[in-house]
Amino acid sequence: MTTVTKHKVLLIAGPTAVGKTALSLALAKQLNGEIISGDSMQVYRHLDIGTAKIMPEEQAGIPHHLIDIKNIDQRFTVAEFVSRTTALIIDISARGKLPIIVGGTGFYLQSLLAGYQFGPADNEPDMAYRQAWFDRAAVEGSDVAWMALKQRDPQAATAIAPANLVRVVRALEYVHTTGQLFSEQADTHGDTLDAYTLCLTAERALLYTRINQRVDQMVAAGLEQEARWLFDQGGAMLPAGKGIGYHEWFPYFNGEQTRDESIAKIKQDSRRYAKRQLTWFRNKMSVDWINLLEHPELRASIDQRLASWLS
């Protein structure tokens, strides 16, 4: 029997403005780690302020990956994230270091942990198909998805527990998008990661206050000029132009709203995004929640949890 090597991977997740960067730097130093960005916008060159990108002088000598790897006219798909991150995990682990993935793009993180497979013609997952099964299972129970898999790929159904809805839906989606049996493809990725996910959180009023303050700091640091540059390159027509903190400026640049209205919209969109992030991590992923902003004394408990996981 072939023994599959399990790679330890630490994920630090959570909404924007909750303190992920500071914790990741501290833990990377403590655990001899390297950091992989799990943020879908930090891949873009020249977009530093609006993405809250950690700059080289702030990285404290810790290697950071998946930052500044794309031009603003290039797409960064979940398939590419999974592929690149998997390769980085293997490389970092082989060098005796701990991969630490930091970010708030929940779908990307979930896809990595669940081991979603993306064929060459399937550059993006079928989100509508996947969500339809999650919605149906929420009403009828997870067995309904498993029974469908049993009809389409009995061997896969035998190998997957009915209660493991994420994996069942992954198998159904694979059959749906490729026309091939899930049981016949090498689906080992999800079994090669020994992942531990810390999700930072905070009481909503405090989180929203921090988000508003962060936006003000970004504006003071030159966010408007950064957004103007992006607008002049093509703005909303570019993949990078859809990011929060950027697209809200475009109506102002077109003379359709005021500067203050643009800033208020960035704050509103950022708060709504934080709410969606928390909902995603709560409903779609298995995480350990911790509120360090209001309870810094819990920092010691993180060390205890990690020591147990790493032992």
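Placement of Cβ uses the backbone N, Cα and C atoms for every residue, glycine included.
Swiss-Prot lists region 'Interaction with substrate tRNA' for one of the ranges 39-42, 139-142, 275-278, namely 39-42. Long-range C-beta contacts of Gly14 (ATP binding site), restricted to its own chain and to partners at least six residues apart, with a cutoff below 8 Å, comprise Lys20, Gly104, Cys199, Leu200, Thr201, Gln277, Phe281. For the region 'Interaction with substrate tRNA' (39-42), the DSSP-based tally of helix, strand and coil residues reads 0 helix, 0 strand, 4 coil. Residues belonging to the region 'Interaction with substrate tRNA' (39-42) score a mean pLDDT of 95 in the model.
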